[in-house]
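*Asks:* Pasting the relevant annotations from TrEMBL:
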- GLY12, PRO13, THR14, ALA15, SER16, GLY17, LYS18, THR19: ATP binding site (BINDING)
- THR14, ALA15, SER16, GLY17, LYS18, THR19: substrate binding site (BINDING)
- 37-40: region 'Interaction with substrate tRNA' (REGION)
- THR102: site 'Interaction with substrate tRNA' (SITE)
- ARG125: site 'Interaction with substrate tRNA' (SITE)
Amino acid sequence: MDQVRGLICILGPTASGKTALAVALAKEINGAIISADSRQVFRGMDIGTGKDLVEYKGVDYYLINIRDAGDSYHVAHFQDDFQEAWFNIQAQGKTPILCGGTGLYIQSVLQQYAFTSIPRNDNLRMNLLEKDIEELEKFFLSLPQPIGFKADISTKKRLIRAIEIASWLKVNPYEPINRHQHLDARVFGIQLPLDDRRAKITQRLEQRLAAGLIEEVQGLIEAGVPADKLKFYGLEYKYVTAFLLGEIDRNQLFTKLNTEIHRFAKRQMTYFRKMEKDGITIHWLDGRNAIAENVEKIKGCLP
């Protein structure tokens, strides 16, 4: 990936208001938004991923609805797609705004993440899928950690990929591409007090269920998306699929999913702190502020 310049990044945990802030900023500075969400790339997965396309209100967006549900999409794909979107936005004379909560994707372009070309190991994956997150974390930590390997283990899917990479590197010599040229980016993060974040997550889940989340997943299954693939996408798709298969009841669906989303938000924040330790400066914004106030704070930090 060639060195590129000029990027604003807005990150934060789920339900923190990233999209609304990015849209408001884009309108102020003639920007366009590049989504950094590992599931919003899939068509038909709208309610469960919180696409909320109506929020964009005329602002151009990229890397949303670019793959069919059931397809695979990995960080190496994101790196390539990001570069194409970035140049398209620059060619239009607009400012690229990277917005999302998938820390691995964000870091992969901010620091031109290596190791993405390491091949899949389907046999290993099948064995790992049977294990729970705690077992996977223990296994991952038992493997040698190569220099420069910044693993995202915030979800089971990413933890399995991290194990796959570390296992491959254990037995194969590998010289990663020179990744020392980083993006010239200004990175802003939205944070909320824990109680506020938890309340927003629970309220949003209630809204998504009322808006037809279960029906959305049912439609994906009827369209031929395998149930195991939906479960692999995690969170809403995992638990709603389990409900539709009769593995959990309606009350368990809400309780288990709500708990898992709270855990996911915590893992996201942990990864963002890790990004800071890896050398990425994040300017934190109070998510309780009015959107207009945070827009002005961002503009005040721009060159």
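Quick reminder: no glycine exception, Cβ is built from N, Cα and C everywhere.
Note: TrEMBL annotation is automatic and uncurated.
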*Asks:* Over the span of the region 'Interaction with substrate tRNA' (37-40), how high is the average pLDDT in this prediction?
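*Replies:* Value for the region 'Interaction with substrate tRNA' (37-40), mean pLDDT as a whole number: 96.
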*Asks:* What same-chain residues lie close to the region 'Interaction with substrate tRNA' (37-40): Cβ under 8 Å, and 6 or more beyond its ends?
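*Replies:* Distant Cβ neighbours of the region 'Interaction with substrate tRNA' (37-40) are 48-51, 63-65, 73, 78, 100-102, 104-105, 233-234, 237.
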*Asks:* Would you list the DSSP helix, strand and coil counts for the residues of the region 'Interaction with substrate tRNA' (37-40)?
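*Replies:* For that range the per-state counts are 0 helix, 0 strand, 4 coil.
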*Asks:* How big is the Cα-to-Cα gap, in Å, between LYS18 (ATP binding site) and THR102 (site 'Interaction with substrate tRNA')?
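*Replies:* Distance between the two Cα atoms comes out at 12 Å.
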*Asks:* Out of THR14, ALA15, SER16, the binding-site residues in the record, which is closest to THR102 (site 'Interaction with substrate tRNA') when you go by Cα distance?
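*Replies:* Closest recorded candidate to THR102 (site 'Interaction with substrate tRNA') by Cα: THR14.
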*Asks:* Determine which residues of the same chain, besides GLY12, PRO13, THR14, ALA15, SER16, GLY17, LYS18, THR19, have their CB within 8 A of the center of the CB atoms at the recorded ATP site, and list them by sequence.
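*Replies:* My list of surrounding residues reads GLY101, ILE190, GLY287.
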*Asks:* Ten-angstrom check, please: count other Cβ atoms within 10 Å of the Cβ of LYS18 (ATP binding site), all chains counted.
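*Replies:* Result for LYS18 (ATP binding site): 25 neighbouring Cβ atoms inside 10 Å.
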*Asks:* List every residue in the same chain as ALA15 (ATP binding site), at least 6 positions away in sequence, whose Cβ is under 8 Å from its Cβ.
*Replies:* GLY50, ARG197, LYS200, ILE201, ARG204, ILE261, ALA265
*Asks:* Can you tell me the three-state DSSP label for THR19 (ATP binding site)?
*Replies:* helix
*Asks:* Residues near the substrate site, THR14, ALA15, SER16, GLY17, LYS18, THR19 excluded, by Cβ within 8 Å of the Cβ center?
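*Replies:* Going along the sequence, the neighbours appear as GLY12, PRO13, ALA20, GLY50, GLY101, ILE190, LYS200, GLY287.
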*Asks:* Does ARG125 (site 'Interaction with substrate tRNA') have same-chain partners at least 6 apart in sequence with Cβ under 8 Å from its own Cβ, and which are they?
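*Replies:* Sequence-distant Cβ neighbours: ILE160, GLU164.
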*Asks:* Under a criterion of Cβ-Cβ distance under 8 Å and sequence separation of at least 6, what residues of the same chain contact THR14 (ATP binding site)?
*Replies:* GLY50, GLY101, ILE201, ILE261, PHE264, ALA265, GLN268
